[in-house]
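> Right, I'll just put the structure down here and ask away after.
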Ligand SMILES: [Zn+2]
């Protein structure tokens, strides 16, 4: 594809970019163009190329000169197969390949979590040095027994934040705070770890135009693995946070979530650089994950304007300077409350579209449920020590206490674990 477009460029022809044109070119080229890929797989590569080309064209016409058309060769490209071109059989997937070649069998690490008849497409992709099978399935929306249906009159306000990814204020004075401190700690540990790694290898880094050493390639591979692991950890924690929100909302029989959209307030123009903290927040991801899970649970999500919700007193509606800590105290009246919950309670009264209706009374949460996202992260618990934490930070712990070995007897300490079981002692 890249070569054909290279020739056309040299001949000053218009490059092939549209999906239809590319498919026609593929049909004219005959079988074997994409080696063992069948036509579905080949078309999926064409689709991806075409999408990337048009995305670059759009960005360039919007004035972004740094956007490049796809010209680099790639080792691995995600390829998608639709219903009917693959067979799911427990932990194995059979994918059709070109005529005359044997089919591709993909072995999975675990069962696909959806029934076979619901799976619509599978995508083979590589991320962070790992191969994945991305599965798209049609999933039914939850149905509740009569009397337990979601009540569209019960509205909860959601405030998105960094320390608390989600703060909710529901009806009847119920509230929920999901703490994201573990996610923030993961971001910090990862940043510190990346920096120290980079410092350690900076002397080995190849100069421009120089080929990297084998050690350098190993280092690059390690970086990719660590990056992938970090991304997976954060993503998992974000999903846990959203799941906490939805199960709470289901318990409260909430029918509608009013989510304060901070993107309008932050006024994020595309492509502008912001600080790391803001980028790591990943507002779009938090919104997407929450909306997906809410839709599945039969709860509707509405985006509302969150302007001034965290800096207005809910009792006297006077402006309060943004509090530095977590507590908002009003200097005009004696009101004081949790900043994020106050914001969530104000958001619950807002209407999508921001119509200036008479503001409804703010119901502040009195019973607050606390949940923590990312409990699985190594830095989160005291019992798990993060290997990225410097040794001095872990000082003072001698590990679990064990009884002293009996005199003359065998040690009661755990046996040392020897990993290279494939070698016999003394064997080299
Ligand atoms: Zn006040």
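The backbone N, Cα and C atoms fix where each Cβ goes, glycine too.
Automatic, uncurated: that is what TrEMBL annotation is.
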> Kindly point out the range from 151-171, 172-192, 193-213, 214-234 that TrEMBL annotates with region 'Disordered'.
193-213
> Give the mean pLDDT for the domain 'Probable transposase IS891/IS1136/IS1341' (139-264) on the 0 to 100 scale.
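So the average pLDDT across the domain 'Probable transposase IS891/IS1136/IS1341' (139-264) works out to 88.
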> Helix, strand, coil: count each for the residues of the domain 'Probable transposase IS891/IS1136/IS1341' (139-264), based on DSSP.
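Summed by class, the stretch gives 65 helix, 28 strand, 33 coil.
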